[in-house]
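Participant: In case it's useful when we look at the structure, here is the feature table from TrEMBL:
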type	residues	note
TRANSMEM	A:6-23	transmembrane segment
TRANSMEM	A:35-56	transmembrane segment
DOMAIN	A:126-404	domain 'NADH:quinone oxidoreductase/Mrp antiporter transmembrane'
TRANSMEM	A:131-150	transmembrane segment
TRANSMEM	A:162-185	transmembrane segment
TRANSMEM	A:205-230	transmembrane segment
TRANSMEM	A:298-316	transmembrane segment
TRANSMEM	A:409-429	transmembrane segment
TRANSMEM	A:450-469	transmembrane segment
TRANSMEM	A:566-583	transmembrane segment
DOMAIN	A:607-672	domain 'MrpA C-terminal/MbhD'
DOMAIN	A:682-762	domain 'MrpA C-terminal/MbhE'
TRANSMEM	A:687-707	transmembrane segment
TRANSMEM	A:790-812	transmembrane segment
DOMAIN	A:792-914	domain 'Na+/H+ antiporter MnhB subunit-related protein'
TRANSMEM	A:850-875	transmembrane segment
Amino acid sequence: MSPALIALLPFIGALLPGLLIRSGRDVAAISCGTATFIALLGLCLHIPAIMAGEVITARFEWLPSLGMNANFRIDGLGLLFGILILGIGLLIITYARYYLSRNDPVGLFYTYLMLFQGAMIGIVLSDNILLLLVFWELTSLSSFLLIGYWRHLPEGRQGARIALTVTALGGLAMIAGMLILGNIAGSYDISDILQAREAIQASPLYVPALVLILLGAFTKSAQFPFHFWLPHAMAAPTPVSAYLHSATMVKAGLFLLARLWPVLSGTPEWFYLVATTGLLTMVSAAWIAIFRDDLKSLLAFSTVSHLGLITMLLGFGTQGAAVAAMFHIVNHATFKAALFMTAGIIDHEAGTRSISRLGGLRRLMPITFTIGTLAALSMAGVPPLNGFLTKEMMLQETTEAVWFGNGTVLYVFGTLGALFSVCYSLRFVTQVFLGPERDDYPAHPHDPGFGLLVGPALLVVLVVLIGMFPNTSAAWLVAASSSAVTGVAQDPHFALWHGVNLALKLSLTAILGGLLLLALNPGMLAMRDAVWRPDGKRAFDAITRGATGVARGFTERFTNGSMSRALGALSMTIVATGLWAFSTGRYQGASRPMLEVGVVPLTGWILLMVATACMVAFHRLRILALVLVSIIGLIVSGTFIYLSAPDLALTQISVEVVTVVLLLLALNFLPKYTILDSADRKRGLDAFVATVTGLGFGALSYCIMRSDFAFPPISGYMLENSYKLGGGSNVVNVILVDFRGYDTFGEITVLGIAALTIFALTETLLAGASGRRLRNWVHDSLRAGDRHPMLLVVVTRLILPISLVVGLFIFLRGHNSPGGGFVAGLVVSIALVSQYMASGFSWAQERQSINYHAFIGAGVIAAGITGIGAWFAGLPFLTSTYGYVKLPGIEEFELASAMGFDLGVFLCVVGAVMLGLNSLTRIARQTGATVNLEPMDVDPSKEAEHR
Amino acid sequence: MIWEIIISVLLVTGGFFGLVGSYGLVKLPDPMTRLHAPTKAATLGVGATLTASLIWFPTQGGQSTWHELLILLFLFMTAPITGAFIAKAHLHLGWDADELPRPEPDLHWATFAGPENESVLDRKTPDE
Amino acid sequence: MIGYALYFAFACFGLALLFCLFRVVFAPGLADRVLALDTMTINMIALLTLFGIDRGTTIYFEASLLFAMVGFISTVAFAKFVLRGDIIE
Amino acid sequence: MNHLLIAPVVLPAVIGPLIIMWMRNDLLLQRVFSIVGTALLAVVGIYLNWIAASGEVFVYRLGNWAAPFGIVLVLDRLAAMMVLLTAVLALAVQLYAVGSGWDRKGWHFHALWQFQLMGICGAFLTGDAFNLFVFFEVLLIASYGLMIHGGGEMRLRAGVQYIAYNLAGSTLFLAGLGVLYSVTGTLNMADMAMRVAQMPAEDTALLRAGAVLTMLVFAIKAALVPLHFWLPSTYANAPGPVAALFAIMTKVGVYAIIRFYTLIFPQDAVTETLLGDLLLPAALLTLALGQVGILGTRHLGRLASYAAIGSIGTLVIAVAQYTPQATSAAIYYLIHSTLATGALFLVVDLIGARRGDLWLRLDRVMPGNGMIAALYFITAIALVGMPPFSGFVGKLLVLQATADVSWSVTIWSVILITSLIAIYGLSRAGSLVFWKCYEVEGPDRPEAPKDPAAPSGPIPPRLEPDEQIQDLGDAPANWLALTATGLLLAGIVAMTVLAGPAVRMAEATAQQLHDPAVYIGSVLQGQEGTK
Amino acid sequence: MMRRLFPHPWLSVVLVLTWMLLVNRWAVGSLLFALIIGIVVPLMTAPYWPNATGYSRPGRIPAYLAIVIWDIVKANFSVARIVLFTPRSALRPAWITVPLELRRPEAITALAGTITLTPGTVSCDLSEDAHALLVHCLHAPDPDAVLDEIKTRYEARLKEIFE
Amino acid sequence: MEFLLSSAIGVLTAAGVYLVLRLRTFAVVLGTTMLSYAINVFLFSTGRLVVDAPPVLRYGAETYTDPLPQALVLTAIVISFGMTAVVVLMALGAFLEGGDDRVDMPRADRLPDHRAGDDGA
Ligand code: NA
Ligand code: NA
């Protein structure tokens, strides 16, 4: 079976329980078990080939340019881990079927479990380190889900987050490490990397890569000081603990060390980092395990300790140590999984995992007792069980290794670790099973059914078998895997008895010392409790709480909703970067002569300066500010006229009046005065920012006006061809409707959308809380009488048709003289608005059967159709044509098709302005203004008629 | 030449009255009197200027325009309205109904009339 | 001669604008300010006309027309705001 | 000339007004029309990608004017891709809007939606600097309308800030364009590129200033630190589907940065490394601020907003490198982060509709907790760049592209460390929202009824306008909303599985961008038959 | 027919004139177009002109206009004198109530306009029932004389024209 | 003249910036209006200044001012008008809904009103 398929099968298995989510535990377990079994079978079919030294590969291109490909390989190492993962997985699936309650979402559990299994298999079968990374992180994610599976348990959630965070930390470091490694090796394929030992170890980036990768491996394998996540992961259901946190996931780190052993090991950096970490972990975790009250917690720390042991062995970098490491992986998996399942059974049956509440279960649960004891003894390293074999090998290796010139420190500590291990293993046996039977178990303990027992029983059988007959039962697997690790064919021989050597003495010391320690345990417990000790979880909590606090403070500080700060930052950024960019370039200096200043421009300048200054000074008096805005607008328009831009002046002045009307309409409901609520200091700072920005902009514009174009501007062409090709002599208008008609198309759309937005917003406001508030509105000022003054009505009535004529005129001549659709639209709008102001909204509205929505739509469409029309001539959008239309005897017009476009502009402007004002007026009417049926409040002539 | 003189006179007149109108705005003592200056002086100021232009273009500028007439018409049409409105605004803001002569003993001027012409405090607010 | 008259008129209306500005800034009430704004518009129209004569072009007349129209509307709008709060009712 | 080049602009520009004119009061018709329009846009997008894949740069000369004088639309690989991405995102999100009932919480949702698409597509396709401004404005004003859709105090307040900030941005844009025009005398981007390349060395100050001002505008749109202030409140307060659509809006800014940086201000022009020197620190800060914000906020909507900011940081780090490899990484990451951010906003909206608000605090178990949790989980994984989704691929690409640059240690550190912060923040939020609720209610509590009758919460009650919108009388189509969210996630999965082809496409695009001669040549040469 | 075509013939005249002034070209073509405008625009705006407008004696309009223009010129000089030379203390502003005989809004508006444009007076407000006009005088030592002049010089003439 | 205009641009900009930095919406709207005046004049000035040479083709006229910036400014004016209209109405809406016209987002936008169960997820 292809390695890829083997890796894929668990994922397929993961889908099944998801799909069959309602069909219960059996279906889920069977489907997952089947997938696992097929995968295991597929893997085992490769055993002969692998034993023969072959490496089975499957390669799929995924992301070749990055070097990330779906390449898989099975060699001895992969085989060892694959069998562990799938084999124990099969047992766990069975076990979980009976362990989980009917009320648990079992489908979900199996999905997560299979996801995890797939990820693990992926790790061990990857032949590409980037692919390996993918699976690596997937194990973190799926373990997060599994630990947090019982979502109502706070420990589960916290444990899940701690595990995720710590392993993700390592994972991220590993991403960097792997990328560096791949860059050095020139490939991300493991096959290639394994060939690049010299290049890698010679690279200056070797140490960073090593440290980063080790960070990944150590976090995953819960090595000191990252070990603290593992006990908290014990909040997971026991099958998860047994599977992830003893047999497989935590070994992923070891796998990685083994996988990269040929290229990374053998250097002092490797030795001191890996072996020391391993040693420290082994001893410290074992020490902690002695005192744990929670069975699973005890087992968890023992796991950490054993992982440390294996890490240390790999760190030694010798072939013998590597063989021992591989063998211990096998042994540890068997006895530790069995122990976890035993703990789960006890928890399940006795209702507690607390050692202090247990004891005397020997008679109540004889089978469980047997299984648990055998496994625990193996863990303690008692012959003839398999744990003994590797403990001896470990001690042997420590006696041979030298640590900073010291030949004893390693084996002293190694023995100490073994001693602790004996202590906690026996504690497990004595304090759970032995002793007097109690009468206060939370439940009625008895041996469980076959389903829960089969897994641990099988494992314990292995424990014994491997212990007794290591060379026939396990040597082949250790040989295959250690050959793969070391790159040299290994043919190890294991024996229970090596004669009386140092290792044996140390082993004996450990066992005896362990017994002694167990006897002293209660006293030591009290002593230990009295002394302060570092608590990983508390540190983690402190760090994350601190980080969260800092993040909150930081976030609150940098995005605190202050507009002023945001805009101030923007201004200063603009000025600073602009100034920097300008000053690092070269400016030629003023080359254009200045224009003379006459009396009128000077007056205008004074007016503008004073008006602007007043505007700032008096801006809190809002109506005065509006008057000043009008004045500034007037002067700006005058400036445009003076500087040869009549079109601009027309537009500016007419836009401005509409704006003022709009602002007045809004101001009716807003406070009339701005409250002074910024402190003097802030105002000073703002003034500084404003001044600097103003200076910057003024200077920039001065530089521009005094310098020449570096290249002839494209507008020269426009001046030349505006009449010839565009058919209009007002070049600005031809640019607007022809050269750059597309801009104008966008522009009128903007206007239309603005009106639609205003309309939509108004409707929403009126329907909501604002509507209610408006209905109870109290005007904040005394109101005069005379809503629709007669004089105004009469005059605007006359102005309306005249304005329409003026609008038409401005529209028609726009192509050749200042004017055009936009200004015309505004003129007409202003005339209509004057009707509204004079005769009241309802009366005037009644007289226009115009839907402004339709106006806007029609405007955009008209402009669009004029543009699309060109398609039918095979020309691009907005291509215009023109001609002079001479209706006999009537005014001669130049009719450019662009005029259709201008008509669209006109319609859109009228529609948008009127719809916007309408909406604002609707808000006003909500306050309960009465509706007038007559255009003026009093009409003396009508009154006369009545008489 | 004669046109030149007429134009010049008109320009000077226009300028003079324009200035006087705005000067009055500054100089006259209270808002109601200030209202007089611009509404009239400026009309003649701008009127004379426009007339000068009206004459200048056909006689000196070589083209005929009539727009000035239109502008003038517009200004004269609107000036009274703006005047009245500013006056009304001023009455509303600064005068009490009793300080003015009444149109008839039981009637108000429009600015002071109307059912809505109540103090904010008097207004009934049903929901609050 | 026309030239001098023109400059005289320019100066007059320029000065007039400054007077108006004075009244906008220093005024006891809003009505005065609106009045001053209105007068400014009228003075601007005059200036535009003068500019047209000075440059011999009629191209700026529409602007004058529009200034007149706009001045009227904004004055009325301001006044109506003062009177009623709501300018369209 | 291929008229379909302009279809992405004209199509929504016609559908929008038609909706206003004839379907104002018929929501059903609006929905059908609008969705069909967006689907058509997607089809056009596919076609445009297909023709652009040849490597040819297509030019559409509006008004038949010759190139630097009239406005041109330019279709290259990048533009085509952006149009398609927009259409795909819009289609999915629009389905969500219909499914969740958001589109009837106020007026003109669909018309504004179409105009929004018009603006975005217009910005992607234009080859004219000022026209880019115009279409920025189109997309902005439509976004204002959409952003405040449904009303409510916070939304309006945020809207005011959003507009005010963008008004400042638009002003700045005009200033930048003014400076560029005042030096180069042109607005056509290809022409400008040519002129900038020929700029005399003794006259560069103004041009440099112009370049920086223009870039700042794009940085505002992209929400780069320190110009990011507008984003969190805006996105967090916008209606869910609108915020999801806005995922593409920040990318418009990034697109413009890429376009101007590669075309007009490359590093061998007078602007030298000016832009890269500014972009990189800004991008790093942006990434840090965004990821820290994920942890620092107490509101799911803001969390999604910060995630959006963070993804922009990563993206711009790549853009700032100015190498084809980095640019291709940026392009891949851009697609990924658009889909992922969009999906996250939809998921957040799903939560909001069920929980009532989006504060990160203990609440009851929401209906459909499991399904939404799954969607959240996948989206979060994709966003933080954990395997197996496209975020991981994208992150690897970015890391790889920055491996050999002078700032690489800083860049890698920032990317990796902030990833950890984001992972912690997202897992914290997720476990609080989806798991902790069970603590209160106990594990055995039966799940709440599947389909909530009416999602309440941040959505205001239905309004009754003057003209009655046709009442469809249906409950929100929950399945449609979930499916739409799933569609975006499917996109993420596709980006992962098809990472090879996707990256190849991104590489081809980057190659094209880093060889602007073709672009310039296509625009300025061979203009037979034009005026 | 004519009534339907020209609902407000005087308005049509004004519009034709406006157009001709705008286009600045006294050609036949322009006039025809102006006529079209003169027909179409009043029809369009007819709803805003609910009551018929007409003049009983339009022939007297020019004379009236002449008087007004003359008065405006006069007014300006007198106002200028007051502005420039009359000391504040000597200023005698006054309010006058002008009871109106005119009833048509157009006529009242014309009167108010005239008053504002001519010597030292500004029409400020109408009474509630629009039967009186409030006029402010800049400098009126003798208010009754002013009232008398308004009534005879302007209102009487307007009454002839309009009613 | 160039100096007058650029100083005017500077002053308008400064005024606009100062006003947009205020804390109430109306002031901000006024500020954006000022900024748009400033930018319109600025953009216009990039065509350089010419007196009395409007870009309307006439017989015999030789010099014209640059029409392109004018067209751009026209577009900009219209757009900023639309934007102003929307922001004004939105400010009004925010005032009506929220009861005050502050520009800054209130705390309630970022922080929940009570902290029940907020920590220790
Ligand atoms: Na025009
Ligand atoms: Na008078």
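Each residue, glycine too, has its Cβ placed from N, Cα and C.
Automatic prediction, not curation, is the source of TrEMBL annotations.
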Participant: Quick one: mean pLDDT on the domain 'Na+/H+ antiporter MnhB subunit-related protein' (A:792-914)?
Facilitator: 83
Participant: At a C-beta cut-off of under 8 Å, are there same-chain residues at least 6 beyond the transmembrane segment (A:409-429) that contact it? List them, or none.
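Facilitator: That would be 275, 279, 282-283, 286-287, 289-290, 292, 295, 298-299, 301-302, 305-306, 308-309, 312, 339, 355, 372-373, 376-377, 379-382, 391, 394-395, 398-399, 401-403, 502, 506-507, 509-511, 513-515, 517-518, 521.
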Participant: List the helix, strand and coil residue totals of the domain 'Na+/H+ antiporter MnhB subunit-related protein' (A:792-914) as derived from DSSP.
Facilitator: 85 helix, 8 strand, 30 coil
Participant: Using DSSP, how many residues in the domain 'MrpA C-terminal/MbhE' (A:682-762) fall into helix, strand and coil?
Facilitator: 66 helix, 1 strand, 14 coil
Participant: Residues of the same chain, at least six outside the transmembrane segment (A:450-469), with any C-beta under 8 angstroms of its C-beta?
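Facilitator: Residues 88, 91-92, 94-95, 97-99, 330-331, 334-335, 337-339, 341-342, 344-345, 348, 367-368, 370-372, 374-375, 378, 383-389, 496 contact the transmembrane segment (A:450-469) from elsewhere in the chain.
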Participant: With DSSP as the yardstick, break the domain 'MrpA C-terminal/MbhD' (A:607-672) down into helix, strand and coil residue counts.
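Facilitator: The composition, in the requested order, is 54 helix, 1 strand, 11 coil.
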